[in-house]
Ligand code: GLA
């Protein structure tokens, strides 16, 4: 795999290593918004930051209207003062470009830069990210403020990292205005060269949509009935690319004007469907992500692990930064439940276990005004006499004591393929079932691996698969020819690959691969799907293991594969009664497995267990249910993290482990309810050397 990290003379060979050395350990801190407070408060802020062990803050994220109060007129007083103050107090700065919040004067002067929705309504100023990604006026103004910022602070000793924009595409990824339409046509010309090719890949002869002139093509605005799916899919790609172009433009300015300072942007992981996270990660020196729990979801710790494993996958296996999470409640869910005592520590250490080398929050001091005043922060409204503050200072001290862990890596035997393009395509209109949702399927499959204790990297389908023993593709409806070829090669060479329902059905343009489903993997899997058979709400199909599949079934004809699980004979077996529901097919030196149904948790766990056992992928440690075990290692150093998600004390039998202070663990470790322990492992003979 090509490294997502830029190797150039401008940045150190491993930017995160250099950053960690500068910080003296694991990064700890959050977004700091001093502009929301009178200057007297800033002294108290830095004093309390030191008390909490904060060593890195993200500064200036939404500060454009302060830094440039009038077009071309800059006011650096606030940043000058705060940067000096932070530096004097030993706190380093992740300095943000303020481009996620164009000032009111900008949109007033350039109303056409506001984004437009699919029904043609221009969105108003008054929130954030109120700009069309393709607006040339926005690009000019953003480049100008980034240039001024970089020129002013390129050599400021506090600045150790650039934070480009904020959560690209969170609110404005899809704009349907005329400027976007023209930019889309340019993007299409670059991608396809001829209009004939566009007509071909979009299948425009269906419903007589054939284009005779580029100018006839527009965004997928609201229409009478279904829009062309090829156009919709490409519009998502174009929209993600338009923002990526902005990221690259800002990055180029920063690299040019402030060489040697690495850059990052806070990616959204699975929180954001609209931009291709893998593509952005390839253009960062350090990968960072934001993660927020859905408070109402009792399994939200599994989603946390999933997103941490995605961050690591996007970082090519290297450590990464958790740029934002919350100390307690957020303010944007229907009911915003605070975290329970100890939950913030458990969340933070789980991210650390899965490869984070920095734990940061939104935000340092809880706002007293504005849309996020009820969002928790490191320093709550109640000040230092609060439970949150006590937990924040305790966590700061604990992270300092865990400094030796940073730089080590999580090494996964299993890759889980996660692809935004497949996500976009699966959820376009007019599918066999709206109930088959990409993220739901990925979560189910990831959850089964989590239950089995198997650590996996979530990677793009074009990632280098050679480090892995098994590849899990829960929802790969769309797959390109080259990615499908790579999966064949992986299995032929001895790997195990397992695919979820409806995978491999269409090509990179959402055109059905004909000749028997799933066209991309028919031979690999040794089967043909005669028909996709989605189930209605409330329906299910009995399986030979006694469980029931809901949502989705398939009529599979075996052509060399063996059935591991079948739909029951008789009406209870559903529309595919009597046929295979999960299969295995020897192929080359490996095997390809398939689930032709939305398998219930138990059956899915059994299937993935069988795949992992055959592939030789094992859990980091044998632990009781509800306990998470993850290993980080480098050379002969290894650490085992045990996270107890139950309300009972957990005992984990272990040998060859000590606490970090060197004390022995006779008979194993005990992990308090809701607690985490970090252990040092003695070098185990035969443990695999670094594979990357
Ligand atoms: C995002 C943003 C922050 C803040 C938080 C609130 O992560 O980047 O500015 O709005 O959400 O959860």
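Backbone N, Cα and C define each Cβ position, glycine as well.
Going by TrEMBL, these are the annotated features:
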DOMAIN    31-401  domain 'Glycoside hydrolase family 42 N-terminal'
BINDING   128, 166, 332  substrate binding site
BINDING   132, 175, 177  Zn(2+) binding site
ACT_SITE  167  active site, proton donor
ACT_SITE  324  active site, nucleophile
DOMAIN    412-616  domain 'Beta-galactosidase trimerisation'
DOMAIN    626-681  domain 'Beta-galactosidase C-terminal'
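Between the listed binding-site residues, namely 132, 175, 177, the fewest other CB atoms within 10 angstroms of a CB are found at 177.
Cβ neighbour density within 10 Å is lowest for 332 among the recorded positions 128, 166, 167, 324, 332. The recorded positions listed here (128, 324, 332) include no residue with a Cα within 10 A of the Cα of residue 175 (Zn(2+) binding site). Taken in sequence order, the binding-site residues 128, 132, 175, 177 that lie near ligand 1, meaning a CB under 6 Å from one of its atoms, form an empty set. Residue counts for the domain 'Beta-galactosidase C-terminal' (626-681) by DSSP state, with H, G and I taken as helix and E and B as strand, are 0 helix, 32 strand, 24 coil. Looking at residue 332 (substrate binding site) and residue 324 (active site, nucleophile), their Cα atoms lie 15 Å from each other. DSSP classifies the residue listed as 'active site, nucleophile' as strand under the three-state reduction. Site extent for substrate: the farthest pair of Cα atoms among 128, 166, 332 sits 17 Å apart. Residues 132, 175, 177 make up the record's Zn(2+) site, and a Cβ search at 8 Å around their centroid adds 113, 114, 115, 116, 131, 133, 134, 135, 176, 179, 180 from the same chain. Neighbours of the substrate site: apart from 128, 166, 332, residues of the same chain with C-beta atoms within 8 angstroms of the site's C-beta centroid are 100, 129, 167, 170, 171. For residue 177 (Zn(2+) binding site), the nearest neighbour among the recorded positions 128, 166, 167, 324, judged by Cα separation, is 128. Spacing of residue 132 (Zn(2+) binding site) relative to residue 167 (active site, proton donor) is 15 Å (Cα to Cα, whole number).
The two recorded residues, the residue listed as 'active site, nucleophile' and residue 167 (active site, proton donor), have Cα atoms 10 Å apart.
Separating the Cα atoms of the residue listed as 'active site, proton donor' and residue 128 (substrate binding site) is a whole-number distance of 11 Å.
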